[in-house]
Amino acid sequence: MIIPLACLIPLSPNTLTLLGFAVSLAAGAAFTLGKPFAGGLLILFSGIFDVLDGGVARAKDRITPFGGVLDSVCDRYSDGIVFLGIIAGAVNGRLVLPPILQIEVWLWAGYALIGSFLVSYTRARAESAGCRKLSVGIAERTERMIILALGGLSGFLGWALVLIAVFSHITIIQRVLRAKSILSKPSEADFQKP
Ligand SMILES: CC(C)CCC[C@@H](C)CCC[C@@H](C)CCC[C@@H](C)CCOC[C@@H](COP(=O)(O)OP(=O)(O)OC[C@H]1O[C@@H](n2ccc(N)nc2=O)[C@H](O)[C@@H]1O)OCC[C@H](C)CCC[C@H](C)CCC[C@H](C)CCCC(C)C
Ligand SMILES: O=P([O-])([O-])O[C@@H]1[C@@H](O)[C@H](O)[C@@H](O)[C@H](O)[C@@H]1O
Ligand SMILES: [Mg+2]
Ligand SMILES: [Mg+2]
């Protein structure tokens, strides 16, 4: 469904990637200003650009190695900006969120941020060691962003952060174990000598 739509989009994949990043800046600002519903919508809107950039690249045969790097780097920045926006909103009192399990929500956001970065880093580091198919785990970026967006939209942002913090750390363990399994018994299907 995306392919026909993607052919109609007059923008380059890299422009779409950067636009998606710009929208995530707005999402972070919305959380800082204490507007979680707007923040949730903007996460989804940013996600559409993250879907479209690759879709346009494939539809127009404009896939580039740099585009892949730009997509991933912008994803990390977007993750960081959104979580930092939540932390800033909670600390400046605009985002009023009660503690969960006796832990301040800004701290849950910090755990979620570390977990999100480490999920992606584990994959990148394992792939640089030769692993393929490290896109495993219960909290890949799509799942994390959808949980966060729905948390903002539903009024359960605090619990969404708890879910992301817990699920992302489980995903790190899943990816480390998968990398260990691949690297200890390399096979053609899932290992490529770096
Ligand atoms: C409006 C239409 C025109 C657009 C239609 C799009 C819709 C089909 C999808 C809309 C879903 C949207 C809400 C997004 C939600 C997920 C998002 C928040 C999280 C991000 O997901 C990541 C996304 C893309 O992942 P990647 O970036 O890794 O993949 P690609 O970009 O495809 O490929 C990367 C690859 O491409 C090359 N490349 C890239 C960029 C570039 N510049 N150059 C390049 O060469 C290079 O090779 C790169 O390596 O994955 C998302 C997957 C899935 C489609 C989304 C999941 C849908 C979800 C279930 C929707 C539920 C949303 C929500 C529950 C609805 C609630 C509604 C609310 C209002 C109540
Ligand atoms: O799912 P995840 O591994 O946390 O994050 C992913 C990165 O590992 C990948 O490099 C990128 O292309 C994806 O868009 C997504 O950002
Ligand atoms: Mg993308
Ligand atoms: Mg991406």
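Cβ atoms here come from the backbone N, Cα and C positions, even for glycine.
Under the heading transmembrane segment, TrEMBL lists 38-59 (among others). Only residues 6 or more beyond the boundaries of the transmembrane segment (38-59), in the same chain, are considered here, and those with a CB under 8 A from a CB of the stretch are 2-7, 9, 11-14, 16-17, 19-21, 23-24, 26-28, 30-31, 67, 71, 75, 78, 82, 85-86, 142, 145-146, 148-154.
Feature annotation from TrEMBL assigns Mg(2+) 2 binding site to Asp50, Asp71, Asp75. Asp75 (Mg(2+) 2 binding site) counts 20 other C-beta atoms within 10 Å of its own C-beta, drawing on all protein chains shown. In this structure, Asp75 (Mg(2+) 2 binding site) is part of a helix by DSSP.
Here TrEMBL flags Asp50, Asp53, Asp71 as Mg(2+) 1 binding site. Cβ neighbours of Asp50 (Mg(2+) 2 binding site) (same chain, under 8 Å, six or more residues apart in sequence): Thr17, Gly20, Asp71, Asp75, Ser78. Asp50 (Mg(2+) 2 binding site) falls within a helix when secondary structure is assigned with DSSP.
For Asp75, the entry in TrEMBL reads active site, proton acceptor.
Annotation comment: TrEMBL describes 80-100 (among others) as transmembrane segment. Long-range Cβ contacts of the transmembrane segment (80-100) within its own chain (Cβ-Cβ under 8 Å, at least 6 residues beyond either end) map to 24-25, 27-34, 36, 39, 43, 106, 108-110, 112-113, 116-117, 148, 157-159, 161-162.
For 106-124 (among others), the entry in TrEMBL reads transmembrane segment.
Look at TrEMBL and you will find 145-167 (among others) tagged as transmembrane segment.
For the transmembrane segment (145-167), the list of distant contacts is 31, 36-41, 43-44, 47, 79, 82, 86, 95, 97-98, 100-101, 105, 108-109, 111-112, 115-116, 138-139: same-chain residues at least six beyond its ends, Cβ to Cβ under 8 Å.
Long-range neighbours of the transmembrane segment (106-124) within the same chain, counting only residues 6 or more positions beyond its ends whose Cβ lies under 8 Å from a Cβ of the stretch, are 72, 75-76, 79-80, 83-84, 86-87, 90-91, 100, 134-135, 137, 139-141, 144, 158, 161-162, 164-165, 167-169, 171-172, 175-176, 179. There are 28 other CB atoms within 10 A of the CB of Asp53 (Mg(2+) 1 binding site), with all protein chains counted.
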